[in-house]
Amino acid sequence: MGAEWELGAEAGGSLLLCAALLAAGCALGLRLGRGRGVADRGALIWLCYDALVHFALEGPFVYLSLVGNVANSDGLIASLWKEYGKADARWVYFDPTIVSVEILTVALDGSLALFLIYAIVKEKHYRHFLQITLCVCELYGCWMTFLPEWLTRSPNLNTSNWLYCWVYLVFFNGVWVLIPGLLLWQSWVELKKMHQKETSSVKKFQ
């Protein structure tokens, strides 16, 4: 097997940390979703993982960026972002667009994820309002992360390695497009059902 297919210690450690957060998100989501349908259990798993990533990984990134930069920092989280920075150099050195998006992501998206978990578990009437808001914010974050870079012909992106291209850039960012898109569709379907039910009830009593 060629060297381009080998995982280094830094990459392996970063992937293990992400896997640990996913496992924690699954455990929390399944516990909170006991007795609920598959769709809600899946949503809760995602939301728990989403909140953990925003607060445990992106929160420290924002802090490191505001007090200096990732390149000059030490520790487990700094090592993870240095590894990701091999695919997207903007995360290693202070990039105002990335840091601005991440401040909003941590503060707003992380909080919305927690409120949405509560709304699902407690079956609150505002569940789908929060779900739509969070999903739009997540999609906007992905848009602002990559569109400015693509418009300048991606000078900071490294796609020469399968790990950097397909795992770090495509997979890890793609899930924040795919799953919010699916949750938006779920909200659309549920709101449509509510509207049809209300319309049928009104017609019945006319």
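Quick reminder: no glycine exception, Cβ is built from N, Cα and C everywhere.
Annotations in TrEMBL come from automatic prediction, not curation.
The model shown is predicted, which means the values in this text are computed figures rather than measured ones.
Database features, via TrEMBL:
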DOMAIN    39-184  domain 'EXPERA'
TRANSMEM  12-32  transmembrane segment
TRANSMEM  44-66  transmembrane segment
TRANSMEM  98-121  transmembrane segment
TRANSMEM  128-146  transmembrane segment
TRANSMEM  166-185  transmembrane segment
- Compute the average pLDDT of the predicted model within the domain 'EXPERA' (39-184). 97
- Determine which residues of the chain contact the transmembrane segment (12-32) at the Cβ level, with the cut-off under 8 Å and only residues 6 or more beyond its ends counted. 41-42, 44-50, 52-53, 56-57, 76, 79-80, 83-84, 117, 120-121, 167, 172
